[in-house]
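Enquirer: Taken from TrEMBL, the feature domain 'Endonuclease/exonuclease/phosphatase' covers A:4-248. The annotation Mg(2+) binding site is assigned in TrEMBL to A:Asn7, A:Glu34, A:Asp147, A:Asn149, A:Asp247, A:His248. Per TrEMBL, active site is recorded for A:Tyr106. The active site, proton donor/acceptor annotation in TrEMBL covers A:Asp147. Residues or ranges marked as site 'Transition state stabilizer' in TrEMBL: A:Asn149. As annotated by TrEMBL, site 'Important for catalytic activity' applies to A:Asp218. The feature active site, proton acceptor is assigned by TrEMBL to A:His248. The site 'Interaction with DNA substrate' feature in TrEMBL is assigned to A:His248.
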Amino acid sequence: MRIATYNVNGINGRLDILLRWLKESRPDIVCLQELKAPQARFPKQALEKAGYGAVWHGQKAWNGVAILERDAVPILTRRGLPDRTTDDESRYIEAIAGGVIVGCLYAPNGNPYPGPKFTRKLDWFKSLTRYGETLLEFGMPAALIGDFNVMPTDLDVYNPARWQDDALFRPEVRKAYRDLVETGWTDAVRALHPDEQIFTFWKYLRNAFARNAGLRIDHCLLSPDLAPHLTACGVDRHVRGWDKTSDHAPVWIELSL
DNA sequence: ATGGCTCACCCGGTGAGA
């Protein structure tokens, strides 16, 4: 079973890109972030035509997350994190797909540092960590997948020195990610490729993709009963090279289930 | 090199992304 995550950066503006990638890669389950579309403007029919059922959590102009399943409709289990019911941003959706609890997330950016947005990012990670512990206690195969907006280590940044004071790389945020992982999750890409430099995002600016000036910020975390089934993972880098593409590339994992 | 892109908002300049 293949599970992928893709920050599409506008699902309607880049629908052709998304459909092209789905057609060539045919993942079983897909987590999408940054839909940038209100609930009523999700392209349900176009995805159905491509063979994917969907659940989604939209928002006007910003954020927005969705889970797709090939030849099925995911069973929605949650919209939003339990700690953040006053939060009006669409950053978490969860469903059962392929027998796995799939939590699809889009963490806050947190810039500028310091400031209220940065503090909110740390709070959001605490909420995610706490809820993740609840998921682990269920004892059902679970995965937290999406755009975490954090580079966990120096290896995940093309030029670590330049990112020291950025909200995606501040020590507080890296610690928040580490605290989350240490409650029992496995970072799939690092489990299989501990020493390889792997990027999932390249800025639009300054020819970043051609220079490979990238970051690893899209992650797949697996519960203890799922991690032993991990057989492969990768980044569909070539998608980032397409015309009018997202600034992220799709990331995928393969599970022997 | 903190943005030189790119998006959604709805038609022009603003806020946000990372």
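Sequential numbering from 1, following the chain as shown.
A Cβ is built for glycine as well, from the same backbone N, Cα and C atoms used for every other residue.
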Enquirer: Near A:Tyr106 (active site), which residues of its own chain have a C-beta under 8 A away, given they sit six or more steps off in sequence?
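Expert: Expected: A:Asn7, A:Gln33, A:Glu34, A:Asn63, A:Gly64, A:Val65, A:Ser90, A:Arg91, A:Tyr92, A:Gly146, A:Asp147, A:Asn149.
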Enquirer: When you measure from the Cβ of A:Asp247 (Mg(2+) binding site), how many other Cβ atoms are you left with inside 10 Å?
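Expert: Its Cβ has 18 other Cβ atoms within 10 Å.
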Enquirer: Report the same-chain neighbours of A:Asp218 (site 'Important for catalytic activity'): residues 6+ apart in sequence with Cβ closer than 8 Å to its Cβ, ordered by sequence.
Expert: A:Thr5, A:Tyr6, A:Asn7, A:Gly146, A:Asp147, A:Phe148, A:Thr200, A:Phe201, A:His248, A:Val251
Enquirer: Of A:Glu34, A:Asp147, which of the binding-site residues has the most Cβ neighbours inside 10 Å?
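Expert: The residue with the most neighbouring Cβ atoms within 10 Å is A:Asp147.
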Enquirer: When you average the Cβ positions of A:Asn7, A:Glu34, A:Asp147, A:Asn149, A:Asp247, A:His248 for the Mg(2+) site, which other residues in that chain have a Cβ within 8 Å of that mean position?
Expert: A:Asn9, A:Gln33, A:Tyr106, A:Phe201, A:Ile217, A:Asp218, A:Ser246
Enquirer: Roughly where does the domain 'Endonuclease/exonuclease/phosphatase' (A:4-248) sit in mean pLDDT, to the nearest integer?
Expert: 96
Enquirer: If H, G and I count as helix, E and B as strand, and all else as coil, what does DSSP give for A:Asp147 (Mg(2+) binding site)?
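Expert: Strand, per DSSP.
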